[in-house]
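As recorded in TrEMBL, the features of this protein are as follows:
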- Asp419, Thr421, Asp1002, Asp1006: Mg(2+) binding site (BINDING)
- 14-25: compositional bias 'Basic residues' (COMPBIAS)
- 44-101: domain 'P-type ATPase N-terminal' (DOMAIN)
- 1-31: region 'Disordered' (REGION)
- 78-96: transmembrane segment (TRANSMEM)
- 102-120: transmembrane segment (TRANSMEM)
- 302-327: transmembrane segment (TRANSMEM)
- 347-371: transmembrane segment (TRANSMEM)
- 585-606: transmembrane segment (TRANSMEM)
- 1059-1080: transmembrane segment (TRANSMEM)
- 1092-1112: transmembrane segment (TRANSMEM)
- 1140-1164: transmembrane segment (TRANSMEM)
- 1171-1190: transmembrane segment (TRANSMEM)
- 1202-1223: transmembrane segment (TRANSMEM)
- 1244-1263: transmembrane segment (TRANSMEM)
Amino acid sequence: MARESEDPAMTKASKVKRQRKKKPKENKTRTVHANILYDNAKGEENPNRHYANNEIKTTKYTLLSFLPKNLFEQFHRFANVYFVFIALLNFVPVVNAFQPELALAPVVFILSVTAIKDLWEDYRRHRSDQEINHMDCLVYSRAERRYVEKYWKELRVGDFIRLRCNEILPADVLLLSSSDPDRLCHIETATLDGETNLKQRQVVRSFYDLDCDFNPLKYNSIIECEKPNNDLNRFRGYIIHRSGRRDALYKENLLLRGCTIRNTEEAVGIVIYAGHETKAMLNNNGPRYKRSKLERQMNVDVFWCVIILLVMCLFAAVGHGLWMFQYGDKRPVFDVLSPEGTDLSPIMSAIYLFLTMIIVFQVLIPISLFVSIEIVKICQVYFIHQDMELYDEETDSHLQCRALNITEDLGQMQYIFSDKTGTLTENKMVFRRCTVAGVEYSHDANARRLAMYQEMDSEEEECTSHGGTLPRRDSVTTHGLQQPHGQCSSPPTSVLIPLCCVLSTDNPSSVLQEKDITPDPQLLDKVNDCSSQMDFMRFHSQPTSQLPSDLADIIDFFIALTICNTVVVSSPNQPRQKPRTQGPLLWCNLFMFFLFCTTWGVVSIFSRKEFNFSPVHLATFPTKTASKGCSSLLSSPSAESTLTKLDEEQTPRGLEHAFSPVPPCYDGKGWNLEEGELRYEAESPDEAALVYAARAYKCSLVGRLPDQVTVELPHLGKLSFELLHTLGFDSTRKRMSVVVRHPLTDQITVYTKGADSVIMDLIRPPDTGSSKGKRQKKIVNRTQNYLNLYAADGLRTLCIAKKILSKEQYACWLQRHLEAETAIQGREELLFESALRLETNLHLLGATGIEDRLQDGVPETIASLRKAGLQIWVLTGDKQETAVNIAYACKLLDPEEEILTLNADSQVSIGRDSTEQIYSSSSPSSHSSSHTAAPFTVHRLGLVIDGRTLAYALDKSLEDKFLAVARSCRSVLCCRSTPLQKSMVVKLVRNKLKVMTLAIGDGANDVSMIQVADVGVGISGQEGMQAVMASDFALPRFRYLQKLLLVHGHWCYSRLANMILYFFYKNAMFVALIFWYQFYCGFSGSAMIDQWYLIFFNLMFSAFPQLITGTLDKDVSAETLQQLPQLYVNGQNSEEYKPYMFWMNMIDAFYQSLVCFFIPYFAYADSDVDLFTWGTPITTLALFTILVHLGIETKTWTWMNWLSIAFSIALFFTVALCYNASCPTCYTPSNPYWTMQRLLQDPLFYLLCVITPLVALLPRYFYRACQGTLFPSPVQVGRQLDKLPAETRRNILSLSRVKMHLIETFHCWPIRELVLVLCSSFSCACKRIKTWIRRHCGLESALIFLRRFLCSKAQQKHVSVSLN
């Protein structure tokens, strides 16, 4: 803010009071001065001295802080603290159980590996920081009066820097000068938001009209702007000149750090934010950490392990105390004295023994579990990336996993929340129909052309499947492919299509669909008639008011389509292209293109310039901007300069000037399309589709400057509209407006384009008392009817309107708008109110219907996901009718469903309507229509709710009712929903219903929804990369979600769940061996197992096989999982990891430990073997039992499974033989020397190695055998299907009507009957069944045969089998 001098007469108290009042305001803004004014001043006098410098440091540690800081971070994990405590406890002589140094080995190993990993990552960050900080940039030096090279780290806020083409911006810079003739600077923001399309930035208004190069020495302004923040889409402030004039600053004036200068030779700016205060650095928060549902459940079981550990230690302590108490005053010979040399009381002995047992039983808490889980997850992500079925050749993109710690959550999803546009649809807009002045133009010829393109699309796919395709790279464009109207005949379609294959970055037919539009003959005739009449009026200096109103609306309609957008126009010979990349792929494309043209004899195309090939020009169409409020309002020509022009203007230009035979804006000749086809770069596919539609009617956009838009109209030639102001589109207003001066009428006209739900409310109420008003009312009613029809056909609708302002009205509005622009606090609200004042009382021109086709495979994917038990909600900002139509097309809604539609005007009405509808739909008639194949929903209902009603439903008082209604429905469709409402819906369902949620979207307006869900999935589509960068997983297409969830999600969950349970079993089984020994050693804490084996058993000997199984195991094949989506319910219900399974594994572990302990105990009873000669076989038997147990639980065997088991056994015996041979007197009186060597010579040892594992694992094997034969789960039935021959399995699974009938049949037979049937000549039955199935591929016949066969067997056993 401008600083005012203090009043000398002001008292000290009032000064303090004013300072207190000003302090909050000063904290919210930043004042930036030019540093060159303070070159000779001391550092304390520079007002910019408190701002951060440009040196960045992203490292965590220094040489001195690494060790303490890294250990502190690692001790945030409770498991590490526990194991360090156990290791330190072992240093206490009274309670130690192992050698202290040996006890430290495992925890030191784990901490060291983690520390080395962190150190390496930090060193890499340090090297990256050094490279960035020592990059060069040009900074203006007052002493040398020129720009000199400096390192980035030497840059300061207030420095002037010169930027050159292809340079990376070192800081956030306010653009003050550009070599571009339009004072624009093109930047690429791929490093910030992933978008590769070029964005325009404008020079600050007050520096726009400089006639010479910018001179920093003449700069004497002060910049007042907001404090550093991480909002990439907002920049507020103003620049104060010496004259006191203030100009508003926008995000279009700010160049952000990390962006790259493109297509601009040179630019100059002043640094506003530097270093860690730049927006890019403030957004660099690192990866988000999420905890999976399985991990949370695992932590509960870890807690139970701690409880079991304490119970075992307490039991041993009590036992030891009682054992010591029985000796009374007689001290045992083996009793241990206290440190003072006195006897210990039984109580003290029990206390010390309690701590000793904690050390001995520490293995019960799996120290290697957490590390193993991280390793397995990384391996799972690697194999997911290697899945070529998740690679999209068209876009040359594949799945990205951006969150490594929630892969198993993919197999437990229950609710999916999806965006529509760009996620379910292609987001490639194709103009289909329009209505102008109440008359509808169906464009039937255009519809037939689109159908032909779709047929060619399918033929092209067949050709590419046989002939191969070129690599997909965004290095070329096809915007120059369309032949202009009136030109020579185009090459044959057979030539055009392959040519597109070489040049296009998208599907060739889709590009032609977007560009080639067949005009409606009736509308084209009216456009030509209107243009010819206007040309006649212009020539004869007649006013345009004589033009019929319907024709005037038609020409205004197409003018609005042409100029009411932000489309950037460029021609092939215009030097606005990226630097040429001399890569091999580029030259390959050039060669292939030239070869094709030569082959087909179309080299003459180049001479005609009908096909302009620019291999380095990118044209991508990101779409929907995020909810930015009115901060997205585009800057326009200076408001003050516009006001000045309005004040300086004399009387309005007369009709003679407006309709002179050759007006100033008309050069006497039409636009020569032979000079090269124009290219349109649009921010959204909607804008591109409308511009191409207007061009089809010869209303072409031929040029755009910051203050001027040039269009070409039939018969009128080129006309230049003076662009006075632009109000950009945002998700709050849902419309865009441009204020122009019409070149023919000299009137100030507002053209508005936006959503019909908004525009129709802003239309001026017609005066029914006049014929003109009645006509306008009829037009509005007819347009509304056509909008409803378009929406019913699934088309995206937009309304076009206009408004004529007098100069006084515009000047008044502009003055108030200028005040809103220069405000820092509450600017968004003020700009919204200002835009609303302008965009009222509009005159309706017409409406358009644009088609956004469904992506390939979307209906099939949704149907498959619903069979998997997933509830799918679609949250879209589209109109209700459009969304409903798309929902039917993608099979989200079923024609047989009863649709509940909630459109309420108040909270009271929604509460009443929702209750009435759900009760009426819950009647018996509704129940009778419920679908038996969807057992996961209550009724066969569908819910459709609009944005206004959704806002009421999300209120605290109604959210429970809303959820009750939504849960009763099979599908939910939320229309006209804002980004905030999307995230609120996801959060409500996740928190209230306690379910696993997945959100998928492709645009910036889906980011909040993606971040709120348990798993966020981004689609790398047409709308930039904001959704991808905020997501946990990124997919090229929606259809890949099916395999990601049903296959990889199922596998990841099943593997990790079984691995965690196996870890708990393995550790408990090994610890229980020592526990049983305590009954024979007076609970003294002794162990019959060598401490080397105790320490390294879990860390080395048994670690590798479970890692292989956790990474590669597949319970069901990918083909079966996709053909039987119902198997996904296994993960939704957590069937692989139920709470009781933990306790079942604990019981099994204690049973197996009893067997492995007592069989060797009785085998070596009354023998003279020493302690370790008896304990080593127990360790060996435990290892064999654990490995065979893993083999029973393994579903898929590979050579790596066999190798890992063999390696574990070989490693154990190698370590044992070497250790026993090199340790003659390690632990007296027990001696491990030559123990393993003697055991390998004893036949009893081999007998124990065979009998003990068999006895220990017999119950588990019997349980698995009975479970798989008598009461198989659906997953086990699917596994049995995998064992069938591939052709037979495919034929069985292809019969969709009876896919799950076999599973249901297995469940309907009584277990007792199945036991008798299966026990009767089972091998013969299998042979007969296999033989029959190989002969006959039909499942129904096979099922009938199977039932007859089993019935005959059952009758022989006098058993009645139900055939229902």
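Glycine residues also receive a Cβ, built from the backbone N, Cα and C atoms like all the rest.
Residues 1090, 1092-1093, 1096, 1100-1105, 1107-1108, 1176, 1180, 1183-1184, 1187, 1190-1191, 1232-1237 of the same chain lie 6+ residues outside the transmembrane segment (1202-1223) yet bring a C-beta within less than 8 angstroms of a C-beta in it.
No contact links the transmembrane segment (1092-1112) to the transmembrane segment (1140-1164), because fewer than 3 Cβ pairs that are 6 or more residues apart lie under 8 A. If you count C-beta pairs under 8 angstroms between the transmembrane segment (1171-1190) and each of 102-120, 347-371, 1059-1080, the highest count goes to 1059-1080. Within the model, the domain 'P-type ATPase N-terminal' (44-101) shows a mean pLDDT value of 81, rounded to a whole number.
Same-chain neighbours of the transmembrane segment (102-120): 60-61, 66-67, 70-71, 73-74, 80, 83-84, 86-87, 90, 96, 359, 367-368, 371, 1091-1092, 1095-1096, 1099, counting only residues six or more beyond its ends whose CB sits under 8 Å from a CB of the stretch.
The DSSP breakdown of the domain 'P-type ATPase N-terminal' (44-101) into helical (H, G, I), extended (E, B) and coil residues amounts to 25 helix, 0 strand, 33 coil.
Sorted by the number of other CB atoms within 10 A, the binding-site residues Asp419, Asp1002, Asp1006 start with Asp419, the lowest. Cβ contacts within 10 Å of Thr421 (Mg(2+) binding site), excluding its own Cβ and spanning all protein chains shown: 30.
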